[in-house]
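Asks: Among the features that Swiss-Prot reports, ATP 1 binding site is placed at 45, 46, 47, 48, 49, 50, 51, 52. If you look up Swiss-Prot, you'll see 309, 310, 311, 312, 313, 314, 315, 316 marked as ATP 2 binding site. The domain 'ABC transporter 1' feature in Swiss-Prot is assigned to 13-248; the stated evidence is sequence analysis. Summarising the annotation, Swiss-Prot assigns domain 'ABC transporter 2' to 277-507 and lists sequence analysis as the type of evidence. Per Swiss-Prot, the feature domain 'ABC transmembrane type-2' maps to 683-909; the stated evidence is sequence analysis. Annotation source Swiss-Prot lists transmembrane segment at 563-583, 716-736, 769-789, 796-816, 824-844, 886-906, citing sequence analysis.
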């Protein structure tokens with residue numbers, strides 16, 4: 001890298017007394033630092049030392065807890081300054097593609113960011129074409145970002161960051177997990193851009209010490225504090241160290257580095273050792289994707305064999321196939337001469353496996369973790385205490401035996417995970433990137449433990465890594481890329497074979513050969529006028545940019561869009577037919593102890609009703625009890641002796657009626673039906689026995705039902721289900737759209753771009769309003785053509801009300817999303833908050849006027865109550881806007897209230 005001469009200009013960022021906490025964890029501890037401008041500044045240190053927290057404060061993505069942060073001449077606590085400098089800062093967060101949208105193409109991702117920064121169509125085309133050409137992504141402009149390699153995602157993220165020509169470029173571990181070739185190309189591209197845009201300041205966090213050698217100025221960090229600053233050469237001179245990693249170790253506090261010892265690796269002596277692991281044409285496919293492509297290797301007992309490659313190249317997949325955790329699609333693998341068989345427990349007991357995530361039980365202490373794994377591997381109970389004590393002593397865990405793993409530093413958790421993996425004394429140890437993110441002292445201690453296991457205990461160690469200095473410690477390594485093994489041998493053999501100066505250069509040469517590339521650097525993008533236009537307060541371009549992006553993602557996610565439509569249809573069918581107040585086809589049986597014409601006439605009168613179905617008669621109380629228990633009948637009727645005679649004499653008669661009371665409301669309805677049928681039969685008998693003169697009365701009253709003459713449930717329930725589903729489904733979808741961004745990390749684009757909270761929420765809301773209206777038309781079609789419930793009133797009135805109601809529903813989803821951080825929580829939270837008021841307090845079953853207390857108040861203010869009345873009014877009563885206009889007023893009031901509250905509660909910075 002060309003080290004640019006430092007020009008005496010004001011610092012690009014100044015921090016004074018900055019502290020940051022996450023719960024009880026101290027991320028930054030009273031940091032005071034001036035970061036020079038117009039140079040490449042690197043923050044170095046392992047994971048968890050505060051690098052990302054520091055960068056997020058400088059970028060404005062995180063709220064400042066304590067202290068002052070000045071960036072580009074202004075205070076980052078000041079919202080106005082943050083808004084003003086936002087177009088001058090670019091932020092590329094940690095994690096490959098974290099700020100990208102994986103269903104969008106390469107072009108669409110860059111275009112989205114260009115729209116956010118206010119570029120018009122012509123300018124966007126020019127800038128995007130230049131960036132894609134300069135980074136070599138032009139041939140892949142139509143490929144979805146999710147299908148790019150790690151290096152290509154890295155370049156795409158850089159394109160998105162550079163689309164607005166920033167003055168400050170912030171890169172948070174941009175090359176972690178990327179292959180050496182992509183890493184080298186990335187930094188060459190950054191160098192070229194800086195040469196053309198001399199006023200650009202670049203701030204980088206990295207865990208690679210070799211990478212940090214290239215930077216102009218370094219900030220060494222540990223435990224949230226700054227250890228030292230200066231160039232790499234200055235840090236080496238200050239600590240009298242040969243390498244930057246050695247300098248970093250010497251800068252650590254005495255208590256932390258006192259246990260450090262240089263790793264000593266005795267030469268490996270094969271001595272005709274047996275083969276511990278052998279793979280022949282091992283292949284793994286996931287659909288059409290080939291994760292591992294015909295891999296071959298042989299590893300003798302006691303060897304440290306390294307798998308070197310970038311994230312996603314197939315290392316972890318290969319290891320899982322070797323341990324039997326994943327069945328191979330093709331090829332064969334052997335452990336100690338036996339074919340790999342997931343069911344062969346004896347062979348698997350000879351293997352220890354340590355995953356990237358360490359696989360510890362956080363609710364158990366260190367000692368309990370060791371004891372549990374000892375029992376899982378069937379170590380005799382009497383031997384467990386001694387074995388646990390041995391592991392604690394060997395891996396230096398005695399002082400933390402009663403502490404939970406999540407409370408331990410990363411390096412100690414790493415040693416505990418290794419102790420757990422070897423507690424059953426395996427003959428082979430498979431380690432999947434065990435040192436990722438660990439500080440150099442802990443990494444060297446871990447390596448010394450591995451070397452002792454290999455050389456003293458003759459344990460075969462198969463380790464994957466993407467650190468070059470670790471690969472050089474292995475007896476042999478295999479260079480892997482895109483599922484294929486490029487070369488195998490000792491590190492020295494691979495370097496000599498390529499005539500390279502280092503293992504990294506050799507790996508790059510192998511990668512170039514595999515890809516058919518040359519060493520020609522990519523052309524840097526043309527630098528445009530970096531004068532940033534004044535930022536607009538509210539931009540429809542940014543709003544519609546989010547709407548367009550959300551619509552594209554929704555269209556390309558068939559599961560989400562299909563469930564949104566088909567889920568509504570299915571729920572409508574289930575609820576329309578499933579929710580019914582109708583009590584019909586009641587099976588009854590009669591215990592007739594009279595057996596006269598009158599008793600038979602009474603029975604025929606009951607069976608002639610559409611509400612009752614007669615079953616074979618009863619003969620005894622025992623049969624009555626048995627058939628009612630079995631659910632064969634719902635109603636049992638006993639007609640007493642002399643029933644007909646008493647009727648003829650006008651003597652009062654009594655019938656015995658047994659009703660299944662498992663459902664009280666249904667039983668009450670059945671009781672009313674039987675009483676009504678009995679009274680009707682008595683009146684009919686009396687009318688036949690009376691004279692014509694006596695039959696005439698002063699008046700004759702008949703009851704008629706308007707709007708629903710047959711008192712059927714469908715005409716009442718179906719129009720009520722429409723508001724219920726239009727509240728639940730659109731609100732869930734809109735809530736998930738925001739929470740999904742929080743989970744994936746792309747919410748960072750809201751924090752660090754000029755987008756306002758209102759632009760973000762309104763932009764995301766529009767596609768779901770359109771989808772909600774489509775759902776509305778589907779539900780109306782089902783109501784009319786499937787359920788046979790005609791719509792008699794003004795459909796325009798119902799459509800207008802539905803539009804307002806869906807705006808409220810999606811707004812409620814956005815409001816709920818401001819409190820939720822996971823999609824599962826968003827689904828449950830939205831379901832509870834929308835379904836309970838809609839079903840219990842909005843008049844779906846019981847009228848709002850019949851409610852009391854808080855339930856009545858909820859029913860009066862909840863939007864579903866008003867839209868449900870409009871839906872029933874237009875469906876059943878043929879009403880229009882002139883009849884229903886007053887019900888629109890609460891809906892119109894609710895929209896600004898819900899949306900205003902959502903915008904107010906949405907955070908523009910991470911808390």
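Backbone N, Cα and C atoms are what each Cβ position is placed from, and that goes for glycine too.
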Asks: Which residue, of the binding-site residues 46, 48, 50, 314, has its CB surrounded by the fewest other CB atoms within 10 A?
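Replies: Comparing Cβ neighbours within 10 Å for the binding-site residues 46, 48, 50, 314, 48 has the fewest.
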Asks: May I have the list of same-chain residues other than 45, 46, 47, 48, 49, 50, 51, 52 whose Cβ is within 8 Å of the Cβ centroid of the recorded ATP 1 site, in sequence order?
Replies: 205, 207, 221
Asks: Of the binding-site residues 45, 47, 50, 51, which one has its Cα closest to the Cα of residue 315 (ATP 2 binding site)?
Replies: 47
Asks: Taking the Cβ of residue 316 (ATP 2 binding site) as centre, how many other Cβ atoms lie within 10 Å?
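Replies: I count 20 other Cβ atoms within 10 Å of it.
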Asks: Is the number of Cβ-Cβ pairs under 8 Å between the transmembrane segment (716-736) and the transmembrane segment (824-844) three or more, considering only pairs separated by 6 or more positions?
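Replies: Between the transmembrane segment (716-736) and the transmembrane segment (824-844), contact is present.
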Asks: Quick one: do the transmembrane segment (824-844) and the transmembrane segment (796-816) reach 3+ CB pairs under 8 Å, ignoring pairs fewer than 6 apart in sequence?
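Replies: Per Cβ check, the transmembrane segment (824-844) touches the transmembrane segment (796-816).
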Asks: Quickly jot the same-chain residues contacting the transmembrane segment (886-906) by Cβ under 8 Å, restricted to those at least six beyond its ends, or write none.
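Replies: Distal contacts: 757-758, 760-762, 800-801, 804-805, 807-808, 811-812, 814-815, 818-819, 861, 863, 866-867, 869-870.
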Asks: Please compute the mean pLDDT of the model over the domain 'ABC transporter 1' (13-248).
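Replies: Mean pLDDT for the domain 'ABC transporter 1' (13-248): 88.
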Asks: What's the number of neighbouring CB atoms sitting within 10 A of the CB on residue 310 (ATP 2 binding site)?
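Replies: Its Cβ has 26 other Cβ atoms within 10 Å.
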Asks: State the residues, same chain only, that lie 6 or more residues beyond the ends of the transmembrane segment (563-583) and have a CB under 8 A from a CB inside it; answer 'none' if no residue qualifies.
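Replies: Distant Cβ neighbours of the transmembrane segment (563-583) are 611, 666, 669-670, 673, 712-714, 716-718, 721-722, 724-725, 729, 733, 771, 774-775, 778-779, 782-783, 786-787.
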Asks: When you measure from the Cβ of residue 52 (ATP 1 binding site), how many other Cβ atoms are you left with inside 10 Å?
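Replies: So the Cβ neighbour count for residue 52 (ATP 1 binding site) comes to 19.
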Asks: Nearest to residue 50 (ATP 1 binding site) in three-dimensional space, by Cα, is which of the binding-site residues 309, 310, 312, 313, 314?
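Replies: Nearest listed residue in space: 310.
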Asks: Determine which residues of the chain contact the transmembrane segment (769-789) at the Cβ level, with the cut-off under 8 Å and only residues 6 or more beyond its ends counted.
Replies: 551, 554, 561, 564-565, 568-569, 572-573, 576, 714-715, 718-719, 721-722, 725-726, 729-730, 733, 795, 798-799, 802-803, 806-807, 809-810, 875
Asks: Using a Cβ cut-off under 8 Å, which residues of the same chain at least 6 positions beyond either end of the transmembrane segment (796-816) come close to it?
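Replies: Long-range Cβ neighbours of the transmembrane segment (796-816): 723, 726-728, 730-736, 738, 761, 764-765, 768-769, 772-773, 776, 780, 826, 829-830, 833-834, 863-864, 867, 870-871, 874-875, 879-881, 884, 887-888, 891-892, 894-895, 898-899, 901-902, 905-906.
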Asks: Residue 310 (ATP 2 binding site): which of the binding-site residues 46, 48, 51 is the nearest Cα neighbour?
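Replies: That would be 46, nearest by Cα distance.
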Asks: On a C-alpha basis, identify the one among 45, 47, 49, 51, 52 that is nearest to residue 316 (ATP 2 binding site); the candidates are the binding-site residues.
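Replies: Checked the binding-site residues 45, 47, 49, 51, 52; minimum Cα distance to residue 316 (ATP 2 binding site) goes to 47.
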